[in-house]
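Asker: Annotated active site, for 3CLpro activity per Swiss-Prot: His1110, Glu1131, Cys1193, in sequence order, evidence recorded as similarity to another entry. Swiss-Prot lists Gly484, Pro485, Pro486, Gly487, Cys488, Gly489, Lys490, Thr491 with the feature ATP binding site. Annotated domain 'SF3 helicase' per Swiss-Prot: 458-614, in sequence order, evidence recorded as sequence analysis. Annotation source Swiss-Prot lists domain 'Peptidase C24' at 1073-1229. Positions annotated as domain 'RdRp catalytic' by Swiss-Prot, on the basis of sequence analysis: 1478-1603. Per Swiss-Prot, O-(5'-phospho-RNA)-tyrosine is recorded for Tyr984.
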Amino acid sequence: MSQTLSFVLKTHSVRKDFVHSVKRTLARRRDLQYLNNKLSRSMRAEACPSCASYDVCPNCTSGDIPDDGSSTMTIPSWEEITKTSTYSLLLSEDTSDELCPDDLVNVAAHIRKALSTQSHPANVEMCKEQLTSLLVMAEAMLPQRSRSMIPLHQQHQTARLEWREKFFSKPIDFLLERIGVSKDILQITAIWKIILEKACYCKSYGEEWFNIAKQKLREIKCFEGNTLKPLVGAFIDGLRLMTVDNPNPMAFLPKLIGLIKPLNLAMIIDNHENTTSGWIITLTAIMELYGITECTIDIITSLITTFYDKLAKATKFYSQVKALFMGFRSEDVANSFWYMAAAILCYLITGLIPNNGKFSKIKACLSGATTLVSGIIATQKLAAMFATWNSESIVNELSARTVAISELNNPTTTSDTDSVERLLELAKILHEEIKVHTLNPIMQSYNPILRNLMSTLDGVITSCNKRKAIARKRQVPVCYILTGPPGCGKTTAAQALAKKLSDQEPSVINLDVDHHDTYTGNEVCIIDEFDSSDKVDYANFVIGMVNSAPMVLNCDMLENKGKLFTSKYIIMTSNSETPVKPSSKRAGAFYRRVTIIDVTNPLVESHKRARPGTSVPRSCYKKNFSHLSLAKRGAECWCKEYVLDPKGLQHQTIKAPPPTFLNIDSLAQTMKQDFTLKNMAFEAEEGCSDHRYGFVCQQSEVETVRRLLNAIRVRLNATFTVCVGPEASNSVGCTAHVLTPDEPFNGKKFVVSRCNEASLSALEGNCVQSALGVCMSNKDLVHLCHFIRGKIVNDSVRLDELPANQHVVTVNSVFDLAWALRRHLSLTGQFQAIRAAYDVLTVPDKIPAMLRHWMDQTSFSDEHVVTQFVTPGGIVILESCGGARIWALGHNVIRAGGVTATPTGGCVRLMGLSAQTMPWCEIFRELFSLLAKIWSSVKVSTLVLTALGMYASRFRPKSEAKGKTKSKIGPYRGRGVALTDDEYDEWKEHNASRKLDLSVEDFLMLRHRAALGADDADAVKFRSWWNSRSKLADDYEDVTVIGKGGVKHERIRTSTLKAVDRGYDVSFAEESGPGTKFHKNAIGSVTDVCGEHKGYCVHMGHGVYASVAHVVKGDSFFLGERIFDLKTNGEFCCFRSTKILPSAAPFFSGKPTRDPWGSPVATEWKAKAYTTTSGKIVGCFATTSTETHPGDCGLPYIDDNGRVTGLHTGSGGPKTPSAKLVVPYVHIDMRTKAVTAQKYDVTKPDISYKGLICKQLDEIRIIPKGTRLHVSPAHTEDYEECSHQPASLGSGDPRCPKSLTAIVVDSLKPYCEKVEGPPHDILHRVQKMLIDHLSGFVPMNISSETSMLSAFHKLNHDTSCGPYLGGRKKDHMTNGEPDKTLLDLLSSKWKLATQGISLPHEYTIGLKDELRPVEKVAEGKRRMIWGCDVGVATVCAAAFKAVSDAITANHQYGPVQVGINMDSPSVEALYQRIKSAAKVYAVDYSKWDSTQSPRVSAASIDILRYFSDRSPIVDSAANTLKSPPVAIFNGVAVKVTSGLPSGMPLTSVINSLNHCLYVGCAIMQSLEARNIPVTWNLFSSFDVMTYGDDGVYMFPTMFASISDQIFGNLSAYGLKPTRVDKSIGAIEPIDPDSVVFLKRTITRTPQGIRGLLDRSSIIRQFYYIKGENSDDWKTPPKTIDPTSRGQQLWNACLYASQHGSEFYNKVYRLAVRAVEYEELHFEPPTYSSALEHYNSQFNGVEARSDQINMSDGTALHCDVFEV
């Protein structure tokens, strides 16, 4: 094997003549074979690109036609070949001897056959798969330019290209899966190239490619015993601990108990709950028990990351198991046991199932294993073989990745800078990964190969760095040209100037040579006589040098290709005063970049004039260059006298400024300043400002400060380097710069206030502050003194340089190592330490080597920590602070020395002087450091107290027994009591009918008490049951039942039991149940596996049901289907089912007011622990009058809005049936996706907007501005005589500068105040009365609308579409039908409504455009418009429009007057009702909408629901209208707590019902306050007419006598009752002959009973007219619709005719004037004509097309404005 390996790897070093000889010989012989037809063509049925490289291709199952050889003659055997001198010379380095051509042909034939077939002897030690891997390995170790010499290189490259074409478009998951399962190294290499190529171009393919590439490069598909060795090691350690270390187990037991603390642990586990808070409490208690709270808080992030790593490895397990069953080949093995043991051992060591190619070697090794001893020996041999295979697989994997990366290092593949940077990062990652394996002792034999791989990657990294440097912007150098006559000393001055600019030797460039391989890249570059040759384009060369763009030099040597010009200072010399002529095209660019110094030597010039022809003596030159005169020209001076013309025309027109004379020192300083200024403005110093500290002092103190800093460095054993000036040198850590005030510096500056060199002898405490007078924070000082740049490994150790030990750790186990390393690491580094510690388990003797590698890829914390590790392999000292330094000693030392002082910084004192010299950032950093210290001291206690608070306040209900034992057999006590057959039947029947579990003794005692006339509750109920049983004694029949259980004799009931019909005395006098269950359509039964009822559940919507835990415990079914996705939170739980009930109930966290049957609930609603027969249960105690029974658990308790707030879970039993235990509703997230879009997002934080608590929206909808109301052309001069004007227009309106937003906010604030309303019991009793009263003329079970479009067409299409769709409904209609946008919105809401799910109750807010009284305009009062969602309006119309129509159809007789026409005979019916009353009260209310109680509105909605068919549409509409409304305006959403939106569907009917309920409650409360029990229906005792907030109360004398208390109660409910005319004073009875209702005065006129419209309402119709929207309402509209305006004024005249001729004449004059000025086309009627027309319309003789018969109108034309 080693010989073949050497041959393959050394083929590339064979001489070229040998290669050519082999090729020529093979070609000649092949041609001869074809001519003689003795060599058949090599054929291979290939199915994939890699088939040619394998005996049995791992990718396909294609058959092979093997090649029989390449020689026409007989060739020597392989054994003979290996003995030839040619073969020996091939394996040696010496190839100078002549090689025999025939031997070379024979060797090539054998190698070719070994690579193409498996029948060759060379394959005995090495299969073809291994040969292919070796060739790929050879490719990886060689530079790319040398790989063409490797055998089959071109064939492998072609195969990889074809694989690339097949897999390039595949997703990343597919490629990673192929890498994990593929055994073809060519395919693996191609896949790696695809992944890395897309990672380099992640901008195009996605960042996930780059992230996954980095992650996978760090992972090697290997198996180094990480599974087997830790398990065996742990077993051995545990066995040693129990036997050798502690032979007495009994002595060890107390220690174990004391360590585990089982009692405390058991109590913690016993109180654990499977909830979020429960887990927090339990884990905190366990951490506190074992004292690991603090460290657990620090490493929780690492644990989460580890969990995800485990998940990522799940697919690998599947692949291995699949390969185990699919990859075996049948073998003839006699010793199957050892064969199986070998396969298992191979898997445990290598992590791979042995393939068929390796089975033969396993079989050969085990062929002699016939005894136990021989089997053990064979197993040992196999273990060594498997270890070698494992290492080979690792090297193959690394080789494939190296080849992929090296092939990507090509400008045609990675072309842009971003791809090069990413390729560089990937190459570094792979380089570090290979470096890891060089430290692995198992891989030591492969270190030469690994080093070659690293060398290849070093070449890639170097190439990428060069390519990056070419594209990177560089610092612009400074170029000075020394011009002057020859011999004046320019070149010598240039050399001296270079020494003053830099300590380095200057680089020299000669422009006469076209290549610059000699350029060294030093800071100073000298170009002597740069313009001496006319053949050189020196101008462009200089322009390229003095530029920020990289300049690539022309170099001939291969290793210098890509060399860049990097010098900072360029000094050039020239004999010409004008190096570039001003007329040149490049003159401007040239002179802008250079500075010219005119150099003259007066001594030399005077000598030449005085003694021409003689040599210049040395005395004319001085060492300090004082003999030279250096005159610096101005900018862009092309000669001494002139400056370049900016226009490039006349270059001798602009005079040059006078020169500046310098010496050699000032010239050097000027060049430094020019370089700093030139580059400071464009590019800040990169990456080092955080590690540079400047100490500013005076020039005379520089040396003293430098010595003080060096003393501080020695005193604190610091890592910083002291530098004088802003320039920094290489340093292990930070750099401390001693600066003068004028020097620029990029870093942190500190001003030295004092420096005393005497303090060098005693530097103690705060040495920096005491010695330098500098106030530095502790963080800055620790960073300055101990920061370590990068990771440094020190092999040579000096004890006096070692840092002081802070911690000394003896490493007995890997856990000691991991625990100590925790102090050095950041959060991400701690996870890396866990992985490193796990790896150390396998090689504990190599800890120094492992630490050396581990620190290369670990992130360390910023705290300074020094730890000494005492390991079996020696001493390791680790120092970390940002970076890390490590010292590894192969021997033990007593103490690692070092200075023990700890640096301390200055403390910021706000009242002291130290803070004056510190920037604000340092002061705030000191504050944050203080807060961090406080947090570090209280973080554990904070967590414990938080968990303790959760434990004290958490809700912990437990399951409750439901009155049955688990065997479903009651306790049969009292067996000694003898019962007759009738008594026994009576006892059984009593327990069955009343669902009790009484024993025989208890039953007999109860019957005895009832017979004696006891008045306790149980005796009374028994007597009631006995009477009912006696009446129904004949309703039973004896039957015989034949079933699966056999023949049984039973008694069955022949008639159905019916509830007792309760009269008014019971119904209206008190609240008692049971009655009909709430949310009946949303309640379902939960059964067991046998179908027996266990309890109830409530549908929440979308197949999610709520119940209690003990009902759904065990096997539970709903509608015959097993429930799933069960989630619990205490006793409250939720589950899913595919069976969906027709309706859903809304849930709310609050206090209930009704039990499941409608009875009132009295409760404090506080969760407490209660002792029951099943143990302690935590729930809320409640009291109701309804008796419950086992099996009622899960029924809902509701609040006044019908929302479920709790579920029934237990009762007090027969002794206290009124006591109930209720589980409050708690939120459980069961969402799978968003149900419907809504504006109000509860997950967003609350904000305060002008005093309103609201949610911010993503969309902003502004409040419409302007008005459509304009002054009529007839009244532009006298419009102020009208009592009304258009409402305030906002901040620009001089009548009231209040903005529209402020008006809306002020109007919404009352809606955000809580309104209690009437008492609960009073309200529900009055609700019953009103239902009973309405049921006399409103039918029951009115069907809801089932067609969505039919319901939509019942709406007013002139109104808003609501918050989800802009505009009005008619704007989204085509040919009378809704368009797609509107239809999609309606369909989405209708779909939810048909499932009984409530919809978002949201409105868009606007302001009503109307006429308002002048005084209200000045106050800025406007009425809000609530634009309801069109989807909600459609659903409500479908649910309640028919019920509403049934109520309004009887307005003449009922209390609700919605729908009445006040211009019809209906007013006469109202008049008759008013006249029949004893006392009449006309009442109006101020701010009616905002003072409505939600409980009263919910009661009114329940009244509508009562008369409906209870369909899911009805449930959805009712639950939606009961939910709190949300007002949307100006980009915010406000959820109001009270009030009734004016735009709510059916608002007039609901408002009228509210009005009736309020009045009824006030009357009942007033009567019962006077000890008058109300046992009758109040609405049968008095009459009331309501239309929204307008009301007329017709009280009998008894009610009138307490009217003050009635109106007082109304005020107590939150209402604001007032007189109709808004005058101040008590509400008193009015004259029945002039009642004002709906702005109409109902009175008798000569024509009969009429409703007279208010006169001011008629008159203002003539002053204002509707037109276009504008802010200028005083200007008449541009266009007037004569038809609409004429109809409006015609109606006004008709209404005015009812007030008499005098008033009509006034109106007539206004009408005539309006016709004249407005150019209308009608003639105002005379008084008699108007009177006749009105009476005709009143009596129905003449139809009115403009008549409004709607719930929100007042029987006026649509253009007649309301008050």
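Cβ atoms here come from the backbone N, Cα and C positions, even for glycine.
Could you tell me the structural context for the features on the list?
Answerer: Secondary structure at His1110 (active site, for 3CLpro activity), taken from DSSP and collapsed to helix, strand or coil, is helix.
In the three-state DSSP scheme, Cys1193 (active site, for 3CLpro activity) is classed as coil.
Annotation for Pro486 (ATP binding site): spatial neighbours Asn575, criterion Cβ-Cβ under 8 Å with sequence separation of six or more.
Mean pLDDT of the predicted structure over the domain 'Peptidase C24' (1073-1229): 85.
Remark: Tyr984 (O-(5'-phospho-RNA)-tyrosine) has no non-local neighbours by Cβ distance under 8 Å and separation of at least 6 in sequence.
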Asker: At a 10 A cut-off on CB-CB distances, which of the binding-site residues Gly484, Pro485, Gly487, Gly489 has the highest count?
Answerer: Gly484
Asker: Taking Cα atoms as reference points, rank the active-site residues His1110, Glu1131, Cys1193 by distance from Gly487 (ATP binding site) and give the first.
Answerer: Glu1131
Asker: Quick check: of the recorded positions listed here (Gly484, Pro485, Cys488, His1110), which one has the Cα closest to that of Cys1193 (active site, for 3CLpro activity)?
Answerer: His1110
Asker: Under a three-state reading of DSSP, tell me whether Pro486 (ATP binding site) is helix, strand or coil.
Answerer: coil
Asker: For the domain 'RdRp catalytic' (1478-1603), how many residues does DSSP put in helix, in strand and in coil?
Answerer: 59 helix, 27 strand, 40 coil
Asker: Please give me the recorded positions out of Gly484, Pro485, Lys490, His1110 that lie within 10 Å of Glu1131 (active site, for 3CLpro activity), comparing Cα atoms only.
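Answerer: Near Glu1131 (active site, for 3CLpro activity), where near means Cα within 10 Å, the recorded positions are His1110.
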Asker: What is the total of other Cβ atoms whose distance to the Cβ of Glu1131 (active site, for 3CLpro activity) is within 10 Å?
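Answerer: Excluding its own Cβ, the number within 10 Å is 28.
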Asker: Within 8 Å of the Cβ centre of Gly484, Pro485, Pro486, Gly487, Cys488, Gly489, Lys490, Thr491, which other residues of the chain have their Cβ, at the recorded ATP site?
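Answerer: Result: Thr573, Asn575, Val599, Asn601.
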Asker: Counting only residues 6+ apart in the same chain, whose Cβ is under 8 Å from the Cβ of Thr491 (ATP binding site)?
Answerer: Asp528, Thr573
Asker: How far is it from Lys490 (ATP binding site) to His1110 (active site, for 3CLpro activity), counting Cα to Cα, in Å?
Answerer: 103
Asker: Could you tell me the C-alpha distance between Gly484 (ATP binding site) and His1110 (active site, for 3CLpro activity) in angstrom, no decimals?
Answerer: 106
Asker: May I ask which residues of the same chain, at least 6 positions away in sequence, place their Cβ under 8 angstroms from the Cβ of Cys488 (ATP binding site)?
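Answerer: Those within reach of Cys488 (ATP binding site), by Cβ under 8 Å and sequence separation of 6 or more, are Val599, Thr600, Asn601, Val604, Leu628.
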Asker: Rounded to an integer, what is the Cα-Cα distance in Å between His1110 (active site, for 3CLpro activity) and Gly489 (ATP binding site)?
Answerer: 106
